[in-house]
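A single structure is presented below for examination.
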Amino acid sequence: MDYLPIFTDLKRRPCLVVGGGDVAWRKARMLLKAGADVRVIAPVLNQAFQQAIEQQQVSHVADEFESSHLDGIFLAIAATDRKAVNALVYQSANQRQVLVNVVDDTQRCSFIIPSIIDRSPIIVAVSSSGKAPVLARLIREKLEALLPQHLGRMATIAGNFRARLAKTVTSFSARRQFWEQVFDGRFSDLVACGQEQDAKQELINLTQSTSPQGQVALIGSGPGDAGLLTLRALQLMQQADVVLYDYLVSDEVMDLVRRDAELVCVGKKAGFHSVPQEETNQLIVKYAQQGKRVVRLKGGDPFVFGRGGEELEVLFDANILFQVVPGITAAAGATAYAGIPLTHRDYAQTAMFVTGHLKAESDQMDWSTLARGKQTLVIYMGLMKSGHIQQQLLINGRAGDTPIAIIERGTQKKQKVIKGQLSELEQLAKNAESPSLIVIGEVVNLSEKLHWFGKQEQSLQQSAVVKLA
């Protein structure tokens, strides 16, 4: 081990920064964040330093560095572009037994500054001992993605509860088991949802009961590309005991679920066995009441034609804790991957999202509004009703030559885009499979320039050739 990682309390300790440029300011800002009394030595300062001095955050000596500037200093950092000055800072600090760091010169460092993941009071430091700083930064980025933002709040609440716990739970091993249960259970989810008073009450409840309480996370998995999954969604998926998922959730996303989680398909798809919504609701409640951490995983966003609101109402009535993690809805994700902007100053000032899967057989659509020009119309689950959609839009005034696109499996490796005109919609839909999104409006033509992902768009004629072949 080349260096011993030590976390140092710098609050109100005098720390010196030599240099007045951008690099020196980054180091000074880090010291300020740790509560240090920062002094800067430099003839000239950048604007950030000048603002900090005006706000009395740092003190400044407008002079060249001298050894006497280290008198009474706890820690020093040299960040100038002059090797002779940096060497003098290092030599002078060593003579006074002052900790010193010369930026980008490990030979002149008695300490080095690691890459930091700050979830105060939880702090994680990553260092390559100065050998590969970029690698250390990449490792830090990966850890940033894995560590939830609410870790610090969890640690603070837990720290304030430790003394109280010691009075009621005297055994060290029992206290350890208590905290393991706390940090892997409902307490964590309450803090993540900003319900800190309930989280504190949960700690009290856990000292009086050993039965775990279940919770549900309603998660949007996005349109298919696992890279579009949110960090929060990934964290919860890897903590789940049970995952109830739809057919629209891609295999890529399902591969990221915790390996030993129970997987339950509750999807609905034409031609396949479908689980009624009422049965899905009952399953979610059942698993949560067993004390399990349940993930309800939906394609796209759960609140955009996903019936997420209905499922949460059932959980509310059953007094079960829940949280919602939004996902990128197909209208945003699939169109972006197809090179179709939803709005454009020249072509569309409005974007409307509607579902083609109507309740029962009633048609409650305001077709006169949907048929307006200068807007983009995005239709979810519209393939089976494509003929009706085409007919109603034409009857209500939308031009037959309005550009349209059907995006099949948007954002996924098998994405296919079929383009044509509104007058061809019903015929085009015969060449597409679910899940598909219908986009209607002049913005579709922009995909000729903006298309960047997957197969090139197919026209009606190309699709017909494929079918004949």
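Any Cβ shown, glycine's included, is placed from N, Cα and C.
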Could you look at Pro133, Pro148, Pro223, Pro276 and say which one Swiss-Prot places alongside Gly299, Gly300, Asp301, Val304, Thr329, Ala330, Met381, Gly410 in the S-adenosyl-L-methionine site?
Pro223
Mind giving me a neighbour count for Pro223 (S-adenosyl-L-methionine binding site)? Other Cβ atoms within 10 Å of its Cβ, every protein chain shown.
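Its Cβ shell of radius 10 Å holds 31 other Cβ atoms.
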Check the Cα-Cα distances from Asp22 (NAD(+) binding site) to the recorded positions Asp246, Lys268, Gly300 and tell me which is shortest.
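Its closest listed neighbour, by Cα, is Gly300.
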If you count Cβ atoms within 10 Å of the Cβ of Pro43 (NAD(+) binding site), leaving out that atom itself, what do you get?
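There are 10 such Cβ atoms around Pro43 (NAD(+) binding site).
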Does DSSP put Ser128 (phosphoserine) in a helix, in a strand, or in coil?
coil
With S-adenosyl-L-methionine as the bound species and Pro223, Gly299, Gly300, Asp301, Val304, Thr329, Ala330, Met381, Gly410 as its recorded binding residues, calculate the greatest Cα-Cα distance and give it in Å as a whole number.
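Largest pairwise Cα separation, rounded: 16 Å.
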